[in-house]
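Q: Below is the structure I would like to discuss, written out as structure tokens.
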Amino acid sequence: MKRHLISAADLSRDDALLILDTADELAKISERSIKKLPTLRGRTVVNLFFEDSTRTRISFEAAAKRLSADVINFSAKGSSVSKGESLKDTALTLEAMGADAVVIRHGASGAPHRLATWVRGSVVNAGDGTHEHPTQALLDAFTMRRRLGSLDGRKITIVGDVLHSRVARSNVLLLSTLGAEVTLVAPPTLFPVSVDSWPCQISYDLDAVLPKSDVVMMLRVQRERMNAAFFPTEREYSRRYGLDRDRVARMPDEAIVMHPGPMNRGMEIAAEVADSPRSTIVEQVANGVTTRMAVLYLLLGGADLGGEIQ
Amino acid sequence: MSSIVIKGASILGGEPRDILIRDGVVADIGQGLTGDETVEARGLIALPGLVDLHTHLREPGREDAETVATGTRAAALGGYTAVHAMANTEPVADTAGVVEQVWRLGQEAGYCDVQPVGAVTVGLGGERLAELGAMADSAAQVRVFSDDGKCVSDAVLMRRALEYVKAFDGVVAQHAQEPRLTSGAQMNEGAVSGRLGLTGWPAVAEEAVIARDCLLAAHVGSRLHVCHVSTAGSVEILRWAKSKGWDVTAEVTPHHLLLTDELVEDSPVGAYNPIYKVNPPLRTRADVEALREALADGTIDCVATDHAPHPVEDKETEWAAAAMGMIGLETALSVVQEAMVETGLLDWAGVAERMSLAPARIGRLRGHGRSIEVGAPANITLYDASVRGEVDPSGYASKSRNTPYEGRTLPGRVVATFLRGRPTVLNGKLA
Amino acid sequence: MVFSLADAISHAQSSARAVLEGPDINRALIRISHEILERTKGAQDIVLLGIPTRGVHLAHRLAAHIRQFEGRSVPVGSLDVTMYRDDLRLRPARALGRTELPADGIDGKIVVLVDDVLYSGRTVRSALDALNDLGRPQAVQLAALVDRGHRELPIRPDYVGKNLPTSKSEIVKVYLEENDGRDAVLLLKEDEK
């Protein structure tokens, strides 16, 4: 495994399986009365959040604290960042504080790559612009594996705003690494022009794909995309690409429904689908802590050997 | 004025000759010539002093990035004897006053002639024509007009500008970028932008404007120059326009002849390094091949650096926040040697045409872009094409260091530059 | 320390010294089983917790012997101590072993920790810390197949298969059928690893 976790492409199949297996063991910790492990005592994890994302920040914070790391939350609002301090100066500040890991959420694609060139600690990408969100993909894969077993040959359908989705990018990379067959479904306007070079299938027709899906993952669709003419109206989007009860009925009996949150109920997913037993949406949140514990442990739990862990 | 003899230079790569310079002009070319001073040039190639149609000198307004003084030194070190200074300064060069100021600063600097470019529209705002005639009539005698950095996207305004500059043999140099198609655009739209999650900058945004402008220029019988052509599709449109006999010229930057968008994802300086962020964006390998071919066959008339200095804090940022542009004056000839000469696409006569004669012709620069012959102004660049070296910008004359070639090995070295017979560069150093 | 079976056999045949062979190991485990029964008054409330990987196999073997002697099964589990180790920073992050406690847990039980080799005592210290987070046993005891000495902490075993005087430069390797295809305890010089 590499020193940083910036892209799901950083993970080999063995790396990914190691993280998921580690998370399997760590999941037991959250069932105990004492949920804390001493493993990262004395290590400092900085949560550097340039975008509001309370869910993701809390998830990383809980993961780091359960491993006994010291956690420093650094949010852009009200800090020197909002007064015009550059990302580089912020990085140098964190470096001076001795951050062993920096968990970064940033609105600009590639910001974690840049950060990694300025700090010695591990950089964990908690979502960068419209690029990637690798720990989300890991927790999704973890959730699928718990429900379905091995992902080899599993048919996974990801529906929605692929063009702007960091969740979709990371999931396509990770799930294909794990041997799953991914199909992306969206209106043509919400695919990148070169999506045919990705390791997945694409389709414009949700109804055709549903009966062959073991997993259907719905992506959040931002309403403002409508104003940029990516689709005509919310109603039309929902009708063609929303997951409602009728569409769920066309899925195989064992198939599950996922959503990375936050959801637009009634837009990409009907409320009754989100709350159904097939939905893993609440599990995904719990699994997020476990998976992030595994990532932090594997990045920080060993000797500092210049990046390589074995 | 004393005389200088350049000993044994191979003009355009030909047999060794002595070049005698007296009173700022080439006085004699032959064997065994003598003068008051001697510059040994055996093994060096003599080229007519290079002319850049597209330089950002940043003065007035962004003297932290570059000044006329530092920019012209960089130009001299790169073998240039004349540069066109783009209009996107602060204030914008949209009046006779500003263009004369820039022109005068160039005169004072003395390292290379500075020919100001005038803005097409007031404040580059794309709404009202600037006083093009006043700039043409000023001491700066502006002939090239450009809103470079911004596209004159309004078709009517573009038509009027093309028509209006006919009165003084001007040319509109268009920065072809359809603004709506490139809203928020970060890099070439393609496989790499899709993977990196950066907003794509489609080739069609350039090509559509070029096609429209060629048609407009033909319709009104005007001269059009297309800045920094970057796509294979643009080349096809230009080839078609030229085949019609329309008065359309075009330039390509050195970086678009060498670098591709893959560097944004994978390079020795890390992914998303804004050193590769430039407008127009780096394109694909196929585009690079098409641009080289077009420069070789004359579809693209000349090389222009689009030298765009930026202070380090504008590049050491996340990609989206970074400024667009690369410096290029001090590496242009080396990059052209690598991309065009060593590939067999151009000989040195071809390089002289594309980097000196053609740009001077397009810019209507008298006294530049003349072949090295008796009676011509002694604007001469001596170039050692036999060496290779690692690019190290630490010693550059430019105030900025945003070169994409740092650490890369490039061929060639400018040994000397003569501006009207006076050496501005000797032994690779400012004279 | 990862050994292939072929390596192990070639070592066994050449320079490495086998200090215990299969039958020796079996006899030692039978004896330990009897001692556990004696010391815990019939092993009524015990839980055998093996430390992965080979300690878990040993714990299962001990349980099988006890079942054979008493006709009654005792709960067996595994206790991974990786996250509690004090030497994590000395080596790359390692994969976790399994922790599986018997359904009734360990509260009020006599926990017998089972490991293959007792050396510095640091693994056992980690195990005690891990146990502390899992519950409150009535007592904790320690069984080791080999005690090779050189303790760095005040820890001593309750049950030992073989006391094996070693020098610190030597390496003790335990092979178990379940894991390695054969039973043996080898003593290797460091340059033989």
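Note: Cβ is positioned from N, Cα and C throughout, glycine not excepted.
The annotation active site is assigned in TrEMBL to B:Asp306. Under the heading Zn(2+) 1 binding site, TrEMBL lists B:His54, B:His56, B:Asp148, B:Asp306. The substrate binding site annotation in TrEMBL covers B:His56, B:Leu57, B:Arg58, B:Asn88, B:Asn279, B:His310. The Zn(2+) 2 binding site annotation in TrEMBL covers B:Asp148, B:His175, B:His228. According to TrEMBL, the domain 'Dihydroorotase catalytic' annotation covers B:45-232.
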Q: Per 10 Å Cβ neighbour count, which of the binding-site residues B:Asn88, B:Asn279 ranks highest?
A: B:Asn88
Q: Below 8 Å Cβ to Cβ and six or more residues apart, same chain only. Which residues does that give for B:His228 (Zn(2+) 2 binding site)?
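A: Counting only residues 6 or more apart in sequence, the Cβ neighbours of B:His228 (Zn(2+) 2 binding site) under 8 Å are B:His54, B:His175, B:Glu251, B:Val252, B:Thr253, B:His256, B:Pro280, B:Ala304, B:Asp306.
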Q: Tell me, by DSSP, whether B:His310 (substrate binding site) is helix, strand or coil?
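A: Once the DSSP labels are grouped into three classes, B:His310 (substrate binding site) ends up as coil.
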Q: Between B:Leu57 (substrate binding site) and B:Asp148 (Zn(2+) 1 binding site), how far is it from one CA atom to the other, in Å?
A: 13
Q: Going by a 10 angstroms cut-off between Cβ atoms, which of the recorded positions B:Asp148, B:Asp306 has the sparsest surroundings?
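A: Relative to the other recorded positions in B:Asp148, B:Asp306, B:Asp148 has the fewest Cβ atoms within 10 Å.
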Q: Averaging the per-residue pLDDT over the domain 'Dihydroorotase catalytic' (B:45-232), what integer do you get?
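A: Mean per-residue confidence for the domain 'Dihydroorotase catalytic' (B:45-232): 97 out of 100.
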Q: Taking only the binding-site residues B:Arg58, B:Asn88, B:Asn279, B:His310, which one has a CA atom nearest to the CA atom of B:Asp148 (Zn(2+) 1 binding site)?
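A: Result for B:Asp148 (Zn(2+) 1 binding site): the nearest of the binding-site residues is B:Asn88.
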Q: Measuring Cα to Cα, how many Å separate B:His310 (substrate binding site) from B:His56 (Zn(2+) 1 binding site)?
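A: Distance (Cα to Cα, whole Å): 10 Å.
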Q: In whole Å, note down how far the CA of B:His56 (Zn(2+) 1 binding site) lies from the CA of B:Asn88 (substrate binding site).
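A: Rounded to the nearest whole number, the Cα-Cα distance is 8 Å.
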Q: Could you tell me the C-alpha distance between B:Asn279 (substrate binding site) and B:His56 (Zn(2+) 1 binding site) in angstrom, no decimals?
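A: If we compare the Cα positions of B:Asn279 (substrate binding site) and B:His56 (Zn(2+) 1 binding site), the gap is 13 Å.
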Q: Quick check: with B:Asp148, B:His175, B:His228 left out, which same-chain residues have Cβ atoms within 8 Å of the centroid of the Zn(2+) 2 site Cβ atoms?
A: B:His54, B:Met86, B:Ser146, B:Gly149, B:Ala173, B:Gln174, B:Ala176, B:Gln177, B:Cys227, B:Asn279, B:Pro280, B:Asp306
Q: Within 8 Å of the Cβ centre of B:His54, B:His56, B:Asp148, B:Asp306, which other residues of the chain have their Cβ, at the recorded Zn(2+) 1 site?
A: B:Thr55, B:Met86, B:Gly149, B:Cys227, B:His228, B:Ala304, B:Thr305, B:His307, B:Ala308
Q: Out of B:His54, B:His310, which of these binding-site residues shows the lowest number of other CB atoms within 10 Å of its CB?
A: B:His310
Q: Enter the number of other CB atoms within 10 angstroms of the CB of B:His175 (Zn(2+) 2 binding site).
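A: There are 25 such Cβ atoms around B:His175 (Zn(2+) 2 binding site).
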Q: DSSP secondary structure for B:His54 (Zn(2+) 1 binding site), reduced to helix/strand/coil, please.
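A: SS state of B:His54 (Zn(2+) 1 binding site) = strand.
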Q: If you pair up every Cα among B:His56, B:Leu57, B:Arg58, B:Asn88, B:Asn279, B:His310, the residues annotated as binding substrate, what's the maximum separation in angstrom, rounded to an integer?
A: 16
Q: If I restrict to non-local contacts, at least six residues apart, and a C-beta distance under 8 angstroms, what lies near B:His56 (Zn(2+) 1 binding site) in its own chain?
A: B:Glu66, B:Gly71, B:Ala85, B:Met86, B:Asn88, B:Asp306, B:His307, B:Ala308, B:Pro309, B:Gly325
